[in-house]
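Single-structure report; data block below.
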Amino acid sequence: MTSRRQIQTWCGSVYSRITLTRITTFFFIFSILISLIQGIIHSLLHSIDYDQKVFLSAITAAGGIPSSNITFLQGSAGKRKLEMCNDIPHGLFGQVVRPCITVFDSALRLNTDLPSVSRTFDWRRGAKVVDSEGAVILQSPAASGAVFLTQRCVQTLVEPQQRVTNVRREDLAFIFLQLWLLGISVFAIVQDSVPHILTAIVTRILVAAWSIYAVWRTKSDADAYEEIYTRSGTPCSLDIFSEYFNTRLSIQIADTTTNLVALGIALYLSFELLKTYGSQSFKCVGAPEHVQRINKLFLAFLACLQLEVFILVTGMSMWIDVLLNTAIAKISDHTPEYIACFTTSAVVLVPWIVMGWYAIKREKRKLTVAFLVIAFIIITGWSVMFYSIVYRWTFVEWPFLAVFTVASLTLLLTSIVLGIVCRLNFGKGHAEYLHAEAALSSQNFTKEVFTRDEKKEEFDLMEPGKIYYVQTRETDITDSPGYISQLPQLSKLDAPFQPSPTRV
């Protein structure tokens, strides 16, 4: 019965915070709707990417392309060069012979046996991939005949197959991102958390920026694939990407539009919430300015920790996925070491974040030093990863992983700097004010539990010009007042106060 009452009390408290003002209610509804919409959009993108990946994988598998082969596309329009490699071309550590062959060069048209007419194949209506000697046959029930793909054509198709696989990983990351973003947005409202609001703002800015880049990248890939695969005289001379890019681009434009609109709404709502929650900081105990400055640094520190939860974990997970499920797995010589680094970081991350939050909030000097030492170890370990050839290759060839890597390192460095600054401010009253505020909040002595509009209502603590009598041990209140205070006009902004009594 007690637990049931506690649950009811908790639900009532959550509801009161969500419905505290129109801004908090709208922010809550907005967070749910926008996460649902963007989750659906990225699910659609994942669906078409998955279908394209399955189709291309069937072709490369039928063509007998070794799973250890990777492709390297370089150059610009009219000068594109596509190479297939059985190792990463780096020219270091005794790599005398370049482990690559050129499978397409738009600047050189030396092959006279290439198709002179561009063909179209709609594989979405149903296609069967048949392995033939020296070629791959595509059979479609909607087509008038079969389409023969040469071995050279199949080799070139390894490039889009690998690229679409990475894009599919991006779709999954964004789906999980929406769930995480919804969680921190709801938590921000329920707990009146400024760090979580800041985290949500920064995340939406990054998502909107990436969606704009993704639209440009899709257009760039469409132009490149039209030059490599569709035009007559190319190894394939086959149009199998137009429908894919047209569909994906239309969904991405909708996603970008949604992100930009959501960013504008989120900025406005977050600004209003920050004004409300910022004005409530130490409202009950009236902290001085220097403590409020320290508190802002503390909130920025917490925001960095919140961002690291998703960005660092996602970046590490994508790298391990590439390491275990792509051609890199056959090329890498230090896979066990990479897995050990990932496992250690994943196990340490959450306790490390909790340690940093607790140490800075309670001003625990030894724990703060331990937090900073572990942070240096993490950032050093992931910086050393750039010594790895396979990691540098993946970093350069996959911009999405590069963005997460740079963001992770930036957040780690920022956390270290802010942690050091907060450590230098220990002993200046911040922990005491946090403790006092928490004690008052635990007794529901906080602004958010009231629904009254303070801007419209007067709230005078004492009436001006009125005499107040205070009994002392020397006199009796029936005889004469021990202290008489003639009080000026006071407002709620002056609390807490200690009036200076005058002996009479």
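Glycine is no exception: its Cβ is also placed from the backbone N, Cα and C atoms.
Listed by sequence, the residues of this chain that lie at least six past the ends of the transmembrane segment (26-48) yet keep a Cβ under 8 A from its Cβ atoms are 18, 168, 171-172, 174-175, 178-179, 181-182, 185-186, 189, 200, 244, 247-248, 251-252, 254-255, 258-259, 262, 265-266, 269-270, 273. Taken from TrEMBL, the feature transmembrane segment applies to 26-48 (among others).
What TrEMBL records for 54-73 (among others) is transmembrane segment.
The transmembrane segment feature in TrEMBL is assigned to 172-190 (among others).
The transmembrane segment annotation in TrEMBL covers 196-216 (among others). Long-range contacts of the transmembrane segment (196-216) within the same chain, counting only residues at least 6 positions beyond its ends with a Cβ under 8 Å from a Cβ of the stretch, are 31, 174, 177, 181, 184-185, 187-188, 249, 252-253, 255-256, 259-260, 262-263, 266-267, 270, 273-274, 277, 299-300, 303, 306-307, 310, 399-400, 403, 407.
Residues or ranges marked as transmembrane segment in TrEMBL: 297-319 (among others).
Annotation comment: TrEMBL describes 339-360 (among others) as transmembrane segment.
What TrEMBL records for 367-389 (among others) is transmembrane segment. Nonlocal intrachain contacts for the transmembrane segment (367-389), taken as residues 6+ away from its ends with a CB within less than 8 angstroms of a stretch CB, comprise 88, 90, 92, 334, 338, 341, 344-345, 348, 352, 355-356, 358-360, 395, 405, 408-409, 412-413, 415-416, 419-420, 422-423, 426.
Look at TrEMBL and you will find 401-421 (among others) tagged as transmembrane segment. Residues 206, 210, 297, 300-301, 304-305, 307-308, 311-312, 314-315, 318-319, 322, 356, 360, 368, 371-372, 375-376, 378-379, 382-383, 394-395 of the same chain sit 6 or more residues outside the transmembrane segment (401-421) yet have a Cβ under 8 Å from a Cβ within it.
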Please report, as numbers and ranges, the same-chain residues at least 6 past the borders of the transmembrane segment (172-190) whose CB is under 8 Å from any CB of it.
14, 17-18, 24, 27-28, 31-32, 35-36, 38-39, 42-43, 46, 196-197, 199-200, 203-204, 207, 273, 306, 309-310, 314, 318, 400
May I ask for the residues of the chain that lie six or more residues beyond the transmembrane segment (54-73) and have a Cβ under 8 Å from a Cβ within it?
80-86, 88-89, 100, 103, 123, 127, 129-131, 136, 138, 149, 151, 154-162, 164, 224, 240, 326-328, 330-331, 397
Hey, which bits of the same chain come close to the transmembrane segment (297-319), Cβ under 8 Å, at least six residues off its ends?
169, 173, 176-177, 180, 184, 194-196, 198-199, 202-203, 338, 342, 345-346, 349-350, 353, 356-357, 360-361, 391, 394, 400-401, 404-405, 407-408, 411-412, 414-415, 418-419, 421-422, 425, 430
